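Peer 1: Before I ask anything, let me first share the structure, which is written out below as structure tokens.
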Amino acid sequence: MSNITDPQMWDFDDLNFTGMPPIDEDYSPCRLETETLNKYVVIITYALAFLLSLLGNSLVMLVILYSRGGRSVTDVYLLNLALADLLFALTLPIWAASKVNGWIFGTFLCKVVSLLKEVNFYSGILLLACISVDRYLAIVHATRTLTQKRHLVKFVCLGCWGLSMILSLPFFLFRQAYHPNNSSPVCYEVLGNDTAKWRMVLRILPHTFGFIVPLFVMLFCYGFTLRTLFKAHMGQKHRAMRVIFAVVLIFLLCWLPYNLVLLADTLMRTQVIQESCERRNNVSLALDATEILGFLHSCLNPIIYAFIGQNFRHGFLKILAMHGLVSKEFLARHRVTSYTSSSVNVSSNL
């Protein structure tokens with residue numbers, strides 16, 4: 001596809017979501033020919049994710065909070081994961097509405113929902129990294145770590161939230177509502193004449209310390225954890241880790257594609273990778289598609305707990321029995337059938 005050199009045909013500012021002011025006077029604009037994703041499909045997807053996340057994560061938090069006596073260290077981490085997903089889910093109606101007429105909610109909401117999106121992502125991977133370290137120390141080194149003391153776990157979680165806020169702060173500071181010529185308003189970073197330089201900083205540094213480093217920590221810890229479990233033939237403990245492994249896998253499947261496409265977009269914006277109209281169109285569409293996948297993650301963890309976490313199901317039934325919604329006989333039968341698959345001091349109550 002050849003570039004269209006007439007600047008009246010296409011304004012670089014018109015690019016959606018990741019659009020930014022021109023960074024090079026010699027840049028030759030091109031017409032965006034790739035079809036965008038059907039906005040109604042996106043809206044319906046966001047609406048379903050919002051409802052499922054609101055219901056599912058509320059139930060997860062309820063089950064964990066009800067199990068005061070038997071709450072494990074991992075439960076505290078998963079409680080914070082559910083809280084992060086729940087807070088992000090509250091912004092999904094706004095993201096859905098922005099797909100219709102662009103960003104019509106002003107600069108303040110642009111900053112707030114962008115902050116919640118980034119905090120949800122970073123807190124998620126940091127908490128999962130903490131779980132991996134805790135499981136590594138408990139299984140590989142067979143020791144009760146400092147995080148076994150519940151009050152210290154709370155400080156670790158507060159540290160994860162604080163670091164997530166710091167990594168996400170640039171999006172709160174620099175994002176604003178912007179209305180390009182001949183296009184719908186957008187919500188993105190406005191960084192002045194040094195947009196290219198600062199965009200690289202704002203993307204590479206947070207994703208290095210908020211994604212790549214925690215990812216390698218998880219790969220290291222779970223690699224040695226699995227090795228220890230298989231060598232020792234610890235089948236029961238291996239089954240107890242299924243929920244945690246599933247949570248980590250789903251997180252990576254949902255967010256890794258978006259971050260890889262975002263990296264490609266950044267490298268093209270900063271001229272590290274040569275940009276062409278075809279590449280720009282493909283990356284723009286890929287960003288839209290993978291962003292939806294990332295947003296869907298907020299409703300998936302409760303589904304994992306419901307299908308894999310036997311103790312989560314039992315905890316939920318216990319709450320129902322306390323309120324007379326199921327019989328105690330049914331609860332007792334469920335406890336007997338799930339007893340052989342439960343674990344002690346290895347996994348969470350989920």
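Placement of Cβ uses the backbone N, Cα and C atoms for every residue, glycine included.
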Peer 1: Name the cysteine that pairs with C187 in a disulphide bond per Swiss-Prot, restricting the answer to C110, C254, C277.
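Peer 2: Checking Swiss-Prot: disulfide partner of C187 resolves to C110.
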Peer 1: Quick one: does Swiss-Prot have F105 and F224 on the same side of the membrane?
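Peer 2: Membrane side for F105 and F224, as annotated in Swiss-Prot: different.
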Peer 1: According to Swiss-Prot, which residue out of N16, N182, N282 bears the annotation N-linked glycosylation site?
Peer 2: N16
Peer 1: Which one, 112-133, 155-174, 200-220, 286-308, has the most C-beta pairs under 8 Å toward the transmembrane segment (40-66)?
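Peer 2: The stretch with the most close Cβ contacts to the transmembrane segment (40-66) is 286-308.
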Peer 1: Can you break down the topological domain 'Extracellular' (265-285) into helix, strand and coil residue counts using DSSP?
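Peer 2: Secondary-structure composition of the topological domain 'Extracellular' (265-285): 14 helix, 0 strand, 7 coil.
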Peer 1: Might you list, by sequence position, any residue in that chain lying six or more from C110 (disulfide bond) with a Cβ less than 8 Å away from its Cβ?
Peer 2: W103, R175, Q176, A177, C187
Peer 1: With H, G and I counted as helix, E and B as strand and the rest as coil, say where DSSP puts C187 (disulfide bond).
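Peer 2: DSSP call for C187 (disulfide bond): strand.
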